[in-house]
Amino acid sequence: MQFDYIIIGAGSAGNVLATRLTEDPNTSVLLLEAGGPDYRFDFRTQMPAALAFPLQGKRYNWAYETEPEPFMNNRRMECGRGKGLGGSSLINGMCYIRGNAMDLDNWAKEPGLENWSYLDCLPYYRKAETRDVGENDYHGGDGPVSVTTSKPGVNPLFEAMIEAGVQAGYPRTDDLNGYQQEGFGPMDRTVTPQGRRASTARGYLDQAKSRPNLTIRTHAMTDHIIFDCKRAVGVEWLEGDSTIPTRATANKEVLLCAGAIASPQILQRSGVGNAELLAEFDIPLVHDLPGVGENLQDHLEMYLQYECKEPVSLYPALQWWNQPKIGAEWLFGGTGVGASNHFEAGGFIRSREEFAWPNIQYHFLPVAINYNGSNAVKEHGFQCHVGSMRSPSRGHVRIKSRDPHQHPAILFNYMSHEQDWQEFRDAIRITREIMHQPALDQYRGREISPGTECQTDEQLDEFVRNHAETAFHPCGTCKMGYDEMSVVDGEGRVHGLEGLRVVDASIMPQIITGNLNATTIMIGEKMADMIRGKEALPRSTAGYFVANGMPVRAKKMSRDLN
(Lines of atoms letter the chains of each structure in order from A and count residues from 1; the text may use other names and numbers.)
(Lines give C-alpha, C1' and ligand atoms only; values in the text may rest on other atoms or scores of the structure.)
Protein backbone atom coordinates (compact mmCIF):
# COMPACT_ATOMS: atom_id res chain seq x y z
CA MET A 1 0.00 0.00 0.00
CA GLN A 2 1.24 3.44 -0.91
CA PHE A 3 -0.03 6.81 0.23
CA ASP A 4 1.25 10.37 0.10
CA TYR A 5 0.91 10.75 3.88
CA ILE A 6 0.50 8.30 6.73
CA ILE A 7 -0.97 9.78 9.91
CA ILE A 8 -0.44 7.82 13.13
CA GLY A 9 -3.21 8.62 15.60
CA ALA A 10 -6.77 9.82 14.93
CA GLY A 11 -6.90 12.20 17.87
CA SER A 12 -7.33 15.92 18.39
CA ALA A 13 -4.56 16.81 15.90
CA GLY A 14 -4.49 13.74 13.64
CA ASN A 15 -8.10 14.16 12.56
CA VAL A 16 -7.45 17.80 11.71
CA LEU A 17 -4.55 16.81 9.45
CA ALA A 18 -6.51 13.99 7.81
CA THR A 19 -9.36 16.36 7.00
CA ARG A 20 -7.28 19.28 5.78
CA LEU A 21 -4.77 17.26 3.72
CA THR A 22 -7.54 15.37 1.88
CA GLU A 23 -9.20 18.63 0.83
CA ASP A 24 -6.81 18.22 -2.10
CA PRO A 25 -8.35 15.33 -4.08
CA ASN A 26 -4.93 14.48 -5.50
CA THR A 27 -3.45 13.81 -2.04
CA SER A 28 -3.87 10.32 -0.57
CA VAL A 29 -3.85 9.80 3.21
CA LEU A 30 -3.81 6.73 5.43
CA LEU A 31 -5.07 7.39 8.99
CA LEU A 32 -4.10 4.75 11.56
CA GLU A 33 -5.89 4.50 14.91
CA ALA A 34 -5.12 1.91 17.59
CA GLY A 35 -8.61 2.20 19.07
CA GLY A 36 -11.99 1.61 17.52
CA PRO A 37 -14.70 3.81 16.01
CA ASP A 38 -16.48 6.51 18.00
CA TYR A 39 -19.77 4.65 18.25
CA ARG A 40 -22.48 7.31 18.10
CA PHE A 41 -24.95 5.09 19.94
CA ASP A 42 -22.67 4.80 22.99
CA PHE A 43 -23.89 7.33 25.53
CA ARG A 44 -20.62 6.99 27.46
CA THR A 45 -18.75 9.04 24.88
CA GLN A 46 -21.57 11.02 23.29
CA MET A 47 -23.50 12.34 26.33
CA PRO A 48 -21.62 15.28 27.87
CA ALA A 49 -22.82 14.52 31.40
CA ALA A 50 -21.46 10.96 31.10
CA LEU A 51 -17.86 12.19 30.81
CA ALA A 52 -16.67 10.08 33.77
CA PHE A 53 -17.68 6.75 32.20
CA PRO A 54 -14.92 6.42 29.54
CA LEU A 55 -12.27 6.88 32.24
CA GLN A 56 -13.66 3.92 34.18
CA GLY A 57 -12.94 1.32 31.48
CA LYS A 58 -10.45 0.48 28.75
CA ARG A 59 -12.56 0.51 25.59
CA TYR A 60 -11.84 4.19 25.00
CA ASN A 61 -9.02 4.75 27.50
CA TRP A 62 -5.41 3.58 27.43
CA ALA A 63 -5.60 3.69 31.23
CA TYR A 64 -1.90 4.34 31.68
CA GLU A 65 -0.49 4.48 35.20
CA THR A 66 2.56 6.33 36.42
CA GLU A 67 5.55 4.90 38.19
CA PRO A 68 5.45 5.59 41.95
CA GLU A 69 5.52 9.39 42.21
CA PRO A 70 8.29 10.19 44.72
CA PHE A 71 6.80 13.47 46.00
CA MET A 72 3.24 12.11 46.23
CA ASN A 73 3.78 9.43 48.88
CA ASN A 74 4.86 7.08 46.07
CA ARG A 75 1.35 6.86 44.68
CA ARG A 76 0.88 5.34 41.24
CA MET A 77 -1.38 7.87 39.56
CA GLU A 78 -3.85 7.74 36.71
CA CYS A 79 -2.82 8.85 33.24
CA GLY A 80 -5.89 8.34 31.10
CA ARG A 81 -5.56 8.97 27.35
CA GLY A 82 -8.15 8.57 24.62
CA LYS A 83 -8.27 5.44 22.45
CA GLY A 84 -10.52 5.52 19.38
CA LEU A 85 -11.46 7.94 16.63
CA GLY A 86 -11.27 11.32 18.32
CA GLY A 87 -8.45 10.37 20.68
CA SER A 88 -8.62 12.26 23.95
CA SER A 89 -11.30 14.57 22.52
CA LEU A 90 -13.51 11.45 22.75
CA ILE A 91 -13.09 11.11 26.52
CA ASN A 92 -12.07 14.54 27.85
CA GLY A 93 -14.11 16.91 30.01
CA MET A 94 -15.09 19.03 26.97
CA CYS A 95 -13.75 22.27 28.47
CA TYR A 96 -12.79 24.57 25.60
CA ILE A 97 -9.98 26.70 27.01
CA ARG A 98 -7.21 27.99 24.75
CA GLY A 99 -4.74 29.12 27.37
CA ASN A 100 -3.37 32.59 27.91
CA ALA A 101 -2.05 34.77 25.10
CA MET A 102 1.24 35.06 26.97
CA ASP A 103 1.72 31.28 26.88
CA LEU A 104 2.11 31.44 23.12
CA ASP A 105 4.08 34.67 23.19
CA ASN A 106 6.43 32.87 25.56
CA TRP A 107 6.85 30.02 23.05
CA ALA A 108 7.59 32.60 20.36
CA LYS A 109 10.49 34.04 22.35
CA GLU A 110 12.49 30.92 21.47
CA PRO A 111 14.69 31.35 18.37
CA GLY A 112 12.96 29.75 15.39
CA LEU A 113 9.48 29.76 16.95
CA GLU A 114 8.65 33.39 16.26
CA ASN A 115 5.54 32.52 14.21
CA TRP A 116 3.93 30.73 17.18
CA SER A 117 2.93 33.98 18.92
CA TYR A 118 -0.66 34.42 20.09
CA LEU A 119 -1.57 36.74 17.24
CA ASP A 120 -0.13 34.26 14.72
CA CYS A 121 -2.10 31.39 16.29
CA LEU A 122 -5.43 33.15 16.94
CA PRO A 123 -6.58 32.86 13.29
CA TYR A 124 -6.18 29.08 13.54
CA TYR A 125 -8.18 28.89 16.77
CA ARG A 126 -10.91 30.80 14.94
CA LYS A 127 -10.67 28.60 11.84
CA ALA A 128 -11.37 25.49 13.91
CA GLU A 129 -14.39 26.86 15.76
CA THR A 130 -18.09 27.49 15.38
CA ARG A 131 -19.25 29.27 18.54
CA ASP A 132 -22.96 29.16 19.27
CA VAL A 133 -23.24 32.84 20.20
CA GLY A 134 -21.55 34.00 17.02
CA GLU A 135 -18.11 34.95 15.75
CA ASN A 136 -16.03 37.97 16.66
CA ASP A 137 -12.35 38.94 16.67
CA TYR A 138 -11.56 36.03 19.01
CA HIS A 139 -14.03 33.34 17.93
CA GLY A 140 -14.92 31.59 14.70
CA GLY A 141 -18.35 31.00 13.19
CA ASP A 142 -17.67 28.47 10.45
CA GLY A 143 -15.27 25.84 11.82
CA PRO A 144 -15.58 22.10 12.40
CA VAL A 145 -15.64 22.20 16.22
CA SER A 146 -18.88 23.22 17.92
CA VAL A 147 -18.29 25.44 20.95
CA THR A 148 -21.12 26.17 23.37
CA THR A 149 -21.06 29.05 25.84
CA SER A 150 -22.73 28.79 29.24
CA LYS A 151 -26.09 30.56 29.43
CA PRO A 152 -27.55 32.33 32.48
CA GLY A 153 -30.05 30.39 34.56
CA VAL A 154 -28.64 26.89 34.05
CA ASN A 155 -27.80 26.40 37.73
CA PRO A 156 -27.70 29.14 40.39
CA LEU A 157 -24.43 27.77 41.75
CA PHE A 158 -22.52 28.81 38.62
CA GLU A 159 -23.33 32.51 38.90
CA ALA A 160 -22.90 32.39 42.68
CA MET A 161 -19.41 30.95 42.29
CA ILE A 162 -18.42 33.59 39.72
CA GLU A 163 -19.81 36.36 41.92
CA ALA A 164 -17.94 34.94 44.92
CA GLY A 165 -14.69 35.19 42.96
CA VAL A 166 -15.46 38.84 42.19
CA GLN A 167 -16.38 39.53 45.82
CA ALA A 168 -13.01 38.07 46.80
CA GLY A 169 -11.38 40.85 44.78
CA TYR A 170 -10.69 39.15 41.45
CA PRO A 171 -11.85 40.39 38.03
CA ARG A 172 -14.97 39.25 36.21
CA THR A 173 -14.47 38.29 32.57
CA ASP A 174 -17.20 37.54 30.06
CA ASP A 175 -14.95 35.33 27.93
CA LEU A 176 -12.10 33.16 29.21
CA ASN A 177 -10.99 32.76 25.56
CA GLY A 178 -11.37 36.40 24.59
CA TYR A 179 -9.64 39.66 25.41
CA GLN A 180 -9.03 38.82 29.08
CA GLN A 181 -8.53 35.33 30.44
CA GLU A 182 -7.74 36.53 33.96
CA GLY A 183 -10.77 36.50 36.23
CA PHE A 184 -13.94 34.47 36.76
CA GLY A 185 -16.63 33.84 34.17
CA PRO A 186 -18.57 31.35 32.04
CA MET A 187 -16.67 28.48 30.48
CA ASP A 188 -16.87 27.43 26.82
CA ARG A 189 -17.42 23.74 26.07
CA THR A 190 -17.04 21.47 23.02
CA VAL A 191 -20.70 20.46 22.88
CA THR A 192 -22.91 20.57 19.77
CA PRO A 193 -26.23 22.45 19.59
CA GLN A 194 -27.86 19.01 19.78
CA GLY A 195 -26.24 18.33 23.15
CA ARG A 196 -23.61 15.88 21.86
CA ARG A 197 -19.86 15.73 22.51
CA ALA A 198 -18.04 17.69 19.80
CA SER A 199 -14.97 15.47 19.36
CA THR A 200 -12.66 15.92 16.39
CA ALA A 201 -14.10 12.69 14.97
CA ARG A 202 -17.51 14.35 14.81
CA GLY A 203 -16.27 17.77 13.79
CA TYR A 204 -13.53 16.88 11.31
CA LEU A 205 -13.72 13.23 10.25
CA ASP A 206 -17.46 13.34 9.59
CA GLN A 207 -16.80 15.69 6.68
CA ALA A 208 -13.77 13.77 5.39
CA LYS A 209 -14.37 10.03 5.92
CA SER A 210 -16.33 9.57 2.69
CA ARG A 211 -13.54 11.03 0.57
CA PRO A 212 -11.97 8.43 -1.72
CA ASN A 213 -8.48 9.75 -0.98
CA LEU A 214 -8.78 9.05 2.80
CA THR A 215 -8.30 5.52 4.14
CA ILE A 216 -9.04 4.98 7.84
CA ARG A 217 -7.84 1.88 9.69
CA THR A 218 -9.05 1.35 13.25
CA HIS A 219 -7.69 -1.24 15.70
CA ALA A 220 -4.32 -0.59 14.03
CA MET A 221 -1.56 -0.58 16.66
CA THR A 222 1.54 1.10 15.24
CA ASP A 223 4.65 -0.98 15.86
CA HIS A 224 7.27 1.30 14.34
CA ILE A 225 8.12 3.80 11.64
CA ILE A 226 10.18 2.44 8.74
CA PHE A 227 13.31 4.35 7.75
CA ASP A 228 15.55 4.33 4.72
CA CYS A 229 18.73 5.74 6.26
CA LYS A 230 17.53 9.01 7.79
CA ARG A 231 14.25 9.26 5.89
CA ALA A 232 10.89 7.98 7.15
CA VAL A 233 9.35 5.96 4.34
CA GLY A 234 6.50 4.02 5.93
CA VAL A 235 4.83 2.44 8.94
CA GLU A 236 4.33 -1.10 10.25
CA TRP A 237 1.32 -1.85 12.43
CA LEU A 238 -0.60 -4.77 13.93
CA GLU A 239 -4.29 -5.08 13.10
CA GLY A 240 -6.65 -6.38 15.77
CA ASP A 241 -5.26 -9.49 17.43
CA SER A 242 -2.90 -10.27 14.55
CA THR A 243 0.78 -10.77 15.27
CA ILE A 244 1.67 -10.40 11.59
CA PRO A 245 2.54 -6.78 10.78
CA THR A 246 0.92 -4.81 7.98
CA ARG A 247 3.02 -2.29 6.12
CA ALA A 248 2.37 0.85 4.09
CA THR A 249 4.74 3.33 2.51
CA ALA A 250 4.54 7.13 2.49
CA ASN A 251 5.57 8.94 -0.66
CA LYS A 252 5.84 12.28 1.13
CA GLU A 253 5.73 12.17 4.94
CA VAL A 254 4.83 10.21 8.05
CA LEU A 255 2.90 12.39 10.49
CA LEU A 256 3.04 11.24 14.11
CA CYS A 257 -0.02 12.41 16.06
CA ALA A 258 -0.26 9.80 18.82
CA GLY A 259 -0.11 12.20 21.77
CA ALA A 260 2.27 13.05 24.57
CA ILE A 261 2.50 9.47 25.85
CA ALA A 262 2.40 7.39 22.66
CA SER A 263 4.35 9.61 20.24
CA PRO A 264 7.66 9.32 22.15
CA GLN A 265 7.07 5.57 22.58
CA ILE A 266 6.68 5.11 18.84
CA LEU A 267 9.78 7.18 18.11
CA GLN A 268 11.79 5.16 20.63
CA ARG A 269 10.60 1.82 19.21
CA SER A 270 11.53 3.13 15.76
CA GLY A 271 15.13 3.89 16.73
CA VAL A 272 14.77 7.60 17.42
CA GLY A 273 15.61 8.75 20.94
CA ASN A 274 18.24 8.47 23.62
CA ALA A 275 20.87 6.07 22.29
CA GLU A 276 21.52 4.53 25.72
CA LEU A 277 17.83 3.75 26.27
CA LEU A 278 17.47 2.18 22.83
CA ALA A 279 20.57 0.05 23.36
CA GLU A 280 18.95 -1.48 26.46
CA PHE A 281 16.35 -3.08 24.19
CA ASP A 282 18.63 -3.81 21.20
CA ILE A 283 16.76 -1.33 19.03
CA PRO A 284 18.87 -0.31 16.01
CA LEU A 285 19.70 3.37 16.32
CA VAL A 286 18.36 5.56 13.53
CA HIS A 287 19.04 8.90 15.21
CA ASP A 288 20.28 9.82 18.68
CA LEU A 289 17.80 12.41 19.97
CA PRO A 290 18.00 12.62 23.78
CA GLY A 291 14.94 14.84 24.20
CA VAL A 292 12.46 12.19 23.01
CA GLY A 293 10.19 11.38 25.95
CA GLU A 294 11.69 14.03 28.23
CA ASN A 295 10.14 17.36 29.33
CA LEU A 296 6.88 15.64 30.35
CA GLN A 297 4.45 18.12 31.96
CA ASP A 298 0.91 18.02 33.30
CA HIS A 299 -1.59 19.93 35.39
CA LEU A 300 -2.21 18.62 38.88
CA GLU A 301 -5.42 19.59 40.65
CA MET A 302 -7.36 19.17 43.90
CA TYR A 303 -11.05 19.21 44.76
CA LEU A 304 -12.30 21.48 47.53
CA GLN A 305 -15.77 20.20 48.35
CA TYR A 306 -18.64 21.77 50.27
CA GLU A 307 -22.06 20.69 51.45
CA CYS A 308 -24.85 22.52 49.59
CA LYS A 309 -27.64 23.73 51.91
CA GLU A 310 -30.10 24.25 49.05
CA PRO A 311 -31.27 21.29 46.89
CA VAL A 312 -29.85 22.76 43.68
CA SER A 313 -26.82 20.51 43.08
CA LEU A 314 -26.59 17.61 40.64
CA TYR A 315 -26.75 15.05 43.44
CA PRO A 316 -30.20 13.75 42.32
CA ALA A 317 -28.76 13.01 38.86
CA LEU A 318 -26.42 10.44 40.45
CA GLN A 319 -29.39 8.37 41.67
CA TRP A 320 -30.20 5.50 39.33
CA TRP A 321 -33.96 6.09 39.46
CA ASN A 322 -33.54 9.56 37.94
CA GLN A 323 -31.20 8.51 35.15
CA PRO A 324 -33.73 6.97 32.68
CA LYS A 325 -35.56 10.31 32.45
CA ILE A 326 -32.27 12.20 32.06
CA GLY A 327 -31.19 9.78 29.33
CA ALA A 328 -34.47 10.09 27.44
CA GLU A 329 -34.40 13.89 27.53
CA TRP A 330 -30.88 13.85 26.14
CA LEU A 331 -31.43 11.10 23.56
CA PHE A 332 -34.62 12.45 22.02
CA GLY A 333 -34.30 16.17 22.66
CA GLY A 334 -30.61 16.90 23.17
CA THR A 335 -31.58 18.79 26.30
CA GLY A 336 -31.60 18.51 30.07
CA VAL A 337 -28.97 17.46 32.56
CA GLY A 338 -27.37 15.03 30.10
CA ALA A 339 -26.62 17.73 27.51
CA SER A 340 -23.96 19.55 29.56
CA ASN A 341 -20.60 18.58 31.00
CA HIS A 342 -21.51 20.88 33.93
CA PHE A 343 -18.15 22.65 33.87
CA GLU A 344 -19.95 25.87 32.98
CA ALA A 345 -18.05 28.34 35.14
CA GLY A 346 -14.43 28.78 36.06
CA GLY A 347 -11.59 31.20 36.29
CA PHE A 348 -7.90 32.03 36.18
CA ILE A 349 -6.04 34.10 38.75
CA ARG A 350 -2.54 35.08 39.77
CA SER A 351 -1.86 33.86 43.28
CA ARG A 352 1.01 36.32 43.69
CA GLU A 353 2.14 39.44 41.85
CA GLU A 354 5.38 37.76 40.83
CA PHE A 355 3.42 35.88 38.13
CA ALA A 356 3.01 37.84 34.91
CA TRP A 357 -0.13 35.93 33.92
CA PRO A 358 -2.51 33.54 35.73
CA ASN A 359 -0.93 30.55 37.44
CA ILE A 360 -4.05 29.06 39.06
CA GLN A 361 -7.11 27.63 37.27
CA TYR A 362 -10.59 26.97 38.64
CA HIS A 363 -13.31 24.67 37.35
CA PHE A 364 -16.58 24.90 39.29
CA LEU A 365 -18.84 21.83 39.45
CA PRO A 366 -22.31 21.71 41.07
CA VAL A 367 -21.78 18.27 42.62
CA ALA A 368 -19.15 16.74 44.91
CA ILE A 369 -17.51 13.84 43.07
CA ASN A 370 -14.14 12.79 41.63
CA TYR A 371 -13.45 13.52 37.96
CA ASN A 372 -13.58 9.81 37.09
CA GLY A 373 -16.94 9.38 38.80
CA SER A 374 -15.61 7.81 41.99
CA ASN A 375 -16.08 8.85 45.62
CA ALA A 376 -19.34 10.72 45.10
CA VAL A 377 -20.44 12.50 48.27
CA LYS A 378 -23.86 11.14 49.24
CA GLU A 379 -25.57 14.51 49.70
CA HIS A 380 -26.10 17.80 47.90
CA GLY A 381 -22.72 19.41 47.38
CA PHE A 382 -20.47 21.41 45.08
CA GLN A 383 -16.75 21.70 44.48
CA CYS A 384 -13.89 23.68 43.01
CA HIS A 385 -11.25 21.94 40.94
CA VAL A 386 -8.15 24.05 41.49
CA GLY A 387 -4.53 23.61 40.46
CA SER A 388 -1.37 25.34 39.30
CA MET A 389 -0.78 25.97 35.62
CA ARG A 390 2.94 26.07 34.86
CA SER A 391 4.71 23.81 37.28
CA PRO A 392 8.51 23.71 36.92
CA SER A 393 8.41 19.94 37.57
CA ARG A 394 9.42 17.77 34.61
CA GLY A 395 9.13 14.04 34.00
CA HIS A 396 9.59 11.50 31.22
CA VAL A 397 8.09 8.71 29.10
CA ARG A 398 10.35 5.74 28.34
CA ILE A 399 9.65 2.39 26.74
CA LYS A 400 10.02 -0.76 28.82
CA SER A 401 10.37 -3.12 25.85
CA ARG A 402 9.99 -3.34 22.08
CA ASP A 403 6.43 -4.68 22.51
CA PRO A 404 3.96 -2.03 21.26
CA HIS A 405 1.29 -3.38 23.63
CA GLN A 406 3.37 -2.79 26.77
CA HIS A 407 2.75 0.49 28.52
CA PRO A 408 5.81 2.71 29.01
CA ALA A 409 7.40 3.96 32.20
CA ILE A 410 5.68 7.29 32.93
CA LEU A 411 6.96 9.60 35.65
CA PHE A 412 5.70 13.17 36.01
CA ASN A 413 7.74 14.05 39.11
CA TYR A 414 4.70 15.91 40.40
CA MET A 415 5.43 18.47 43.15
CA SER A 416 9.20 18.17 42.84
CA HIS A 417 9.81 21.94 43.24
CA GLU A 418 9.15 24.26 46.17
CA GLN A 419 7.16 26.52 43.82
CA ASP A 420 4.62 23.69 43.43
CA TRP A 421 4.04 23.49 47.17
CA GLN A 422 3.70 27.25 47.57
CA GLU A 423 1.20 27.47 44.72
CA PHE A 424 -0.97 24.67 46.07
CA ARG A 425 -0.99 26.09 49.61
CA ASP A 426 -1.96 29.46 48.15
CA ALA A 427 -4.63 27.82 45.99
CA ILE A 428 -6.32 26.11 48.94
CA ARG A 429 -6.30 29.25 51.08
CA ILE A 430 -7.54 31.50 48.27
CA THR A 431 -10.29 29.03 47.41
CA ARG A 432 -11.50 29.04 51.00
CA GLU A 433 -11.65 32.84 50.88
CA ILE A 434 -13.70 32.69 47.68
CA MET A 435 -16.04 30.04 49.05
CA HIS A 436 -16.78 32.17 52.12
CA GLN A 437 -17.95 35.25 50.22
CA PRO A 438 -21.56 36.47 50.63
CA ALA A 439 -22.66 35.20 47.20
CA LEU A 440 -22.40 31.61 48.45
CA ASP A 441 -23.83 32.13 51.94
CA GLN A 442 -27.23 30.63 51.10
CA TYR A 443 -25.64 27.53 49.52
CA ARG A 444 -22.44 26.85 51.44
CA GLY A 445 -22.59 24.29 54.24
CA ARG A 446 -19.68 22.60 55.91
CA GLU A 447 -16.34 22.03 54.18
CA ILE A 448 -16.24 18.35 53.25
CA SER A 449 -12.73 18.23 51.84
CA PRO A 450 -10.00 18.96 52.93
CA GLY A 451 -12.00 19.80 56.08
CA THR A 452 -11.58 22.76 58.41
CA GLU A 453 -9.08 20.90 60.59
CA CYS A 454 -6.58 21.03 57.69
CA GLN A 455 -4.89 24.43 58.18
CA THR A 456 -1.11 24.42 58.62
CA ASP A 457 1.38 24.22 55.75
CA GLU A 458 2.24 20.68 56.83
CA GLN A 459 -1.42 19.60 56.87
CA LEU A 460 -2.12 21.17 53.48
CA ASP A 461 0.97 19.53 51.99
CA GLU A 462 -0.12 16.12 53.25
CA PHE A 463 -3.59 16.63 51.77
CA VAL A 464 -2.00 17.39 48.40
CA ARG A 465 0.27 14.33 48.58
CA ASN A 466 -2.66 12.05 49.29
CA HIS A 467 -5.46 13.57 47.24
CA ALA A 468 -4.23 15.70 44.33
CA GLU A 469 -4.97 14.13 40.94
CA THR A 470 -4.06 14.61 37.32
CA ALA A 471 -6.13 16.97 35.21
CA PHE A 472 -5.27 14.68 32.25
CA HIS A 473 -3.16 17.30 30.42
CA PRO A 474 0.18 15.63 29.55
CA CYS A 475 2.36 17.40 27.00
CA GLY A 476 5.89 18.38 26.04
CA THR A 477 7.59 15.03 25.34
CA CYS A 478 8.64 15.89 21.76
CA LYS A 479 9.15 19.56 22.36
CA MET A 480 9.42 22.12 19.63
CA GLY A 481 12.55 24.24 19.51
CA TYR A 482 16.23 24.24 18.65
CA ASP A 483 18.09 23.49 21.87
CA GLU A 484 19.82 20.17 22.58
CA MET A 485 16.68 18.65 24.17
CA SER A 486 14.28 19.70 21.41
CA VAL A 487 12.78 17.03 19.18
CA VAL A 488 11.08 18.98 16.38
CA ASP A 489 11.57 22.32 14.67
CA GLY A 490 8.99 25.09 14.32
CA GLU A 491 7.19 23.14 11.60
CA GLY A 492 7.06 19.86 13.50
CA ARG A 493 9.88 18.22 11.54
CA VAL A 494 11.96 15.84 13.63
CA HIS A 495 15.52 17.09 13.96
CA GLY A 496 18.10 15.14 11.97
CA LEU A 497 15.53 13.20 9.94
CA GLU A 498 13.52 13.65 6.77
CA GLY A 499 9.91 12.86 5.97
CA LEU A 500 8.78 12.77 9.61
CA ARG A 501 6.84 15.27 11.69
CA VAL A 502 5.21 15.22 15.10
CA VAL A 503 1.93 17.12 15.36
CA ASP A 504 0.19 16.87 18.75
CA ALA A 505 0.40 18.13 22.34
CA SER A 506 3.83 16.54 22.76
CA ILE A 507 5.44 19.40 20.80
CA MET A 508 4.38 22.11 23.28
CA PRO A 509 7.62 23.55 24.72
CA GLN A 510 5.82 24.62 27.89
CA ILE A 511 2.37 23.67 29.11
CA ILE A 512 -0.31 26.30 28.59
CA THR A 513 -2.54 28.02 31.13
CA GLY A 514 -5.63 25.87 30.73
CA ASN A 515 -6.99 22.73 29.13
CA LEU A 516 -5.04 21.39 26.16
CA ASN A 517 -7.58 20.22 23.58
CA ALA A 518 -8.30 23.58 21.93
CA THR A 519 -4.61 24.34 21.48
CA THR A 520 -3.88 20.84 20.17
CA ILE A 521 -6.56 21.36 17.52
CA MET A 522 -5.03 24.75 16.69
CA ILE A 523 -1.61 23.10 16.29
CA GLY A 524 -3.17 20.65 13.82
CA GLU A 525 -4.72 23.47 11.80
CA LYS A 526 -1.53 25.54 11.71
CA MET A 527 0.67 22.57 10.84
CA ALA A 528 -1.73 21.48 8.08
CA ASP A 529 -1.05 24.73 6.23
CA MET A 530 2.70 24.26 6.73
CA ILE A 531 2.59 20.69 5.39
CA ARG A 532 0.54 21.76 2.37
CA GLY A 533 2.92 24.64 1.68
CA LYS A 534 0.10 27.16 2.04
CA GLU A 535 0.67 30.72 3.14
CA ALA A 536 -0.15 31.21 6.82
CA LEU A 537 -3.42 32.91 7.68
CA PRO A 538 -3.03 36.67 8.16
CA ARG A 539 -1.84 37.63 11.62
CA SER A 540 -4.60 38.84 13.96
CA THR A 541 -4.66 42.42 15.19
CA ALA A 542 -6.93 41.71 18.18
CA GLY A 543 -5.88 43.14 21.52
CA TYR A 544 -5.36 41.11 24.67
CA PHE A 545 -4.97 41.80 28.36
CA VAL A 546 -1.53 41.95 29.99
CA ALA A 547 -1.40 42.55 33.76
CA ASN A 548 1.88 44.52 33.69
CA GLY A 549 2.30 44.31 37.44
CA MET A 550 -1.30 45.14 38.35
CA PRO A 551 -2.39 43.92 41.81
CA VAL A 552 -3.71 40.36 41.76
CA ARG A 553 -6.93 41.52 43.41
CA ALA A 554 -8.75 44.39 41.76
CA LYS A 555 -10.46 45.36 45.00
CA LYS A 556 -10.67 44.50 48.69
CA MET A 557 -12.56 41.32 49.57
CA SER A 558 -16.20 41.65 50.60
CA ARG A 559 -15.41 39.31 53.47
CA ASP A 560 -11.97 38.53 54.89
CA LEU A 561 -11.59 35.18 56.65
CA ASN A 562 -8.96 36.67 58.90
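Even glycines carry a Cβ here, placed using N, Cα and C.
Record features (Swiss-Prot):
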BINDING   4-33  FAD binding site
ACT_SITE  His473  active site, proton acceptor
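Projection of Swiss-Prot feature records onto the structure.
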{"residue": "Asp4", "record": "FAD binding site", "Cβ contacts under 8 Å, 6 or more apart": "Leu21, Thr27, Ser28, Val29, Ala250, Asn251, Lys252, Glu253"}
{"residue": "Ile8", "record": "FAD binding site", "Cβ contacts under 8 Å, 6 or more apart": "Gly14, Leu32, Thr222, Ile225, Val235, Val254, Leu255, Leu256, Cys257, Ala258, Ile266"}
{"residue": "Ser12", "record": "FAD binding site", "Cβ contacts under 8 Å, 6 or more apart": "Gly86, Gly87, Ser88, Ser89, Thr200, Asp504, Ala505, Asn517, Thr520, Ile521, Gly524"}
{"residue": "Val16", "record": "FAD binding site", "Cβ contacts under 8 Å, 6 or more apart": "Ala128, Thr200, Tyr204, Ile521, Gly524, Glu525, Ala528"}
{"residue": "Arg20", "record": "FAD binding site", "Cβ contacts under 8 Å, 6 or more apart": "Gly524, Glu525, Ala528, Asp529, Arg532"}
{"residue": "Asp24", "record": "FAD binding site", "Cβ contacts under 8 Å, 6 or more apart": "Asn213, Arg532"}
{"residue": "His473", "record": "active site, proton acceptor", "Cβ contacts under 8 Å, 6 or more apart": "Asp298, His299, Ile511, Asn515, Leu516"}
Going by DSSP, is Ser12 (FAD binding site) part of a helix, a strand, or coil? coil
Under DSSP, is His473 (active site, proton acceptor) helix, strand or coil? coil
Where does Arg20 (FAD binding site) sit in the DSSP three-state scheme? helix
With DSSP assignments reduced to helix, strand and coil, which class does Leu32 (FAD binding site) get? strand
Neighbour tally for Ser28 (FAD binding site), based on other Cβ positions within 10 Å of its Cβ: 22
In all the protein chains shown, the tally of other Cβ atoms within 10 Å of the Cβ of Leu32 (FAD binding site) is 25
